[in-house]
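According to Swiss-Prot, the substrate binding site annotation covers Arg33, Gly243, Asp244, Thr276. What Swiss-Prot records for Asn35, Ser37, Asp67 is K(+) binding site. The ATP binding site annotation in Swiss-Prot covers Asn35, Phe36, Ser37, His38, Arg74, Lys155 and is backed by similarity to another entry. Residues annotated as site 'Transition state stabilizer' in Swiss-Prot: Lys218. Residues or ranges marked as Mg(2+) binding site in Swiss-Prot (evidence: similarity to another entry): Glu220, Asp244.
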Amino acid sequence: MSRRGKIVCTLGPATNSDELILALVEAGMDVARLNFSHGDYADHKAAYERVRVASDATGRAVGVLADLQGPKIRLGRFATGPTYWADGETVRITVADCEGSHDRVSTTYKKLAEDAAVGDRVLVDDGKVCLVVDGIEGDDVICTVVEGGPVSNNKGISLPGMNVSAPALSEKDIEDLTFALDLGVDLVALSFVRSPADVELVHEVMDRVGRRVPVIAKLEKPEAVDNLETIVLAFDAIMVARGDLGVELPLEEVPLVQKRAIQMARENAKPVIVATQMLDSMIENSRPTRAEASDVANAVLDGADAVMLSGETSVGKYPMAAVRTMSRIICAVEDNSTAAPPLTHVPRTKRGVISYAARDIGERLDAKALVAFTQSGDTVKRLARLHTPLPLLAFTAWPEVRSQLAMTWGTETFIVPMMTSTGGMIRQVDKSLLELGRYKRGDLVVIVAGAPPGTVGSTNLIHVHRIGEDDV
């Protein structure tokens, strides 16, 4: 494995065939994102199955992420299709169900007329169009267009500063989550997280279905930034979703929030994704801007586990080129250094201390790899956050753990039989690494595991081993 940083690709109309999904995997996709804000269940099921087939065909671990819409507020539909709101026009956004016209359109947020006040801003399509509330008349919020632009069906609305009372999980989200879990997705992302308690609502649905998978908190609201530390602790991973975040917060604050979120996630051994507009110009062009290349590189330098493509791979003209370009940028950064900003965290847990010790032993002895046996992936994540230049190989008996670790920095995961003894683990390391062809007898590796084997949370062992030697 040469590239350590991971790539998340959003699937959509631009990648909706067996051949295109296979090409995405071959180009470097590590995690496939199913965006439940768009498409229907048939689309998502077909995409999921294509990813699984492509993963098996290539032998590459590819995770599947279900991204829930969350309490996203949207415009309704326009009867005559897309329109253009010009500066100075008056338009009405209504909570009543209606067929939209140029100057009156519905919204999915049925409490807008209650929550809005004169002077509030209403931002459409990630802030491309800006309205100001002039008044309320019954079900209608009357607005003046202050920054005009094109609008079309189902465009998102942001209400910065407004106290939105929507629940963390809508009825649609509950249905989508149930479907995604039954489908077999590996990861779930929750949109518009505001507090650590939001994850409990997701867990309640998961427990009813009878299947828990890691939950990713998407940072998109000012409340999430205010509660960042407790959200990082409560959730399994973090996504810095800069589109809505950049609408809800002053634009100049977003890079600082990104750096703070990445660092805090790493301090707590939680994987972190940086998302939105990373190579946005490649939706239409075969090459990114230099600024976009720098954006991807800086996310890698900050220590992000993964960077994400959205419209570039879902609706863009050059999805494969976007993945290959992102991969080249990541590799160029890593060819210079795999280091990330130093952690201030002082490990206090057994697994935390062991991960630091294993890294130090491996680097000082010039080992060829760190090998971690894992039941849940936790020990591997603790090793990954240290950004060691040594290859990080995870061995697990659980296919779902292999797919979940596809999002974790620098990790290459292998399915092995359930181990029952330390000697069995070491023999399995020899067998797997020699079969891989990148290692030879006599190579030094550092093994991290738990004794007795097979117990979640039992990591307590570091073993320095030369491949092929009977040193149990």
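Any Cβ shown, glycine's included, is placed from N, Cα and C.
Location within the structure of each feature annotated in Swiss-Prot.
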| residue | record | contacts (Cβ under 8 Å, 6+ apart) |
| --- | --- | --- |
| Asn35 | K(+) binding site | Thr10, Leu11, Gly12, Asp67, Ser310, Ser314 |
| Phe36 | ATP binding site | His44, Ala66, Asp67, Leu68, Gln69, Asp173, Asp176, Ala180 |
| Ser37 | K(+) binding site | Asp67, Gln69, Lys72 |
| His38 | ATP binding site | Gly12, Ser314 |
| Arg74 | ATP binding site | Thr107, Thr108, Asn154, Lys155, Gly156, Ile157 |
| Glu220 | Mg(2+) binding site | Ser191, Phe192, Val193, Ala241, Gly243, Asp244, Leu245, Glu248 |
| Thr276 | substrate binding site | Ala241, Arg242, Gly243, Gly246, Met308, Ser310 |
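Cα of Arg33 (substrate binding site) to Cα of Lys218 (site 'Transition state stabilizer'): a distance of 13 Å. Here the recorded positions are Arg33, Lys155, Lys218; the one with the fewest Cβ atoms within 10 Å of its Cβ is Lys155.
Apart from the site residues Arg33, Gly243, Asp244, Thr276, the chain places the Cβ of Lys218, Glu220, Ala241, Arg242, Ala275, Gln277, Met308, Ser310 no farther than 8 Å from the centroid of the site's Cβ atoms, the recorded substrate location.
For the binding-site residues Asp67, Asp244, the greatest number of Cβ atoms within 10 Å around a candidate Cβ is found at Asp67. Binding residues for substrate (Arg33, Gly243, Asp244, Thr276) extend across at most 18 Å, taking the greatest CA-CA distance. The Cβ of Gly243 (substrate binding site) has 19 other Cβ atoms within 10 Å, all protein chains considered. Secondary structure at Asp244 (substrate binding site), as computed by DSSP, is helix.
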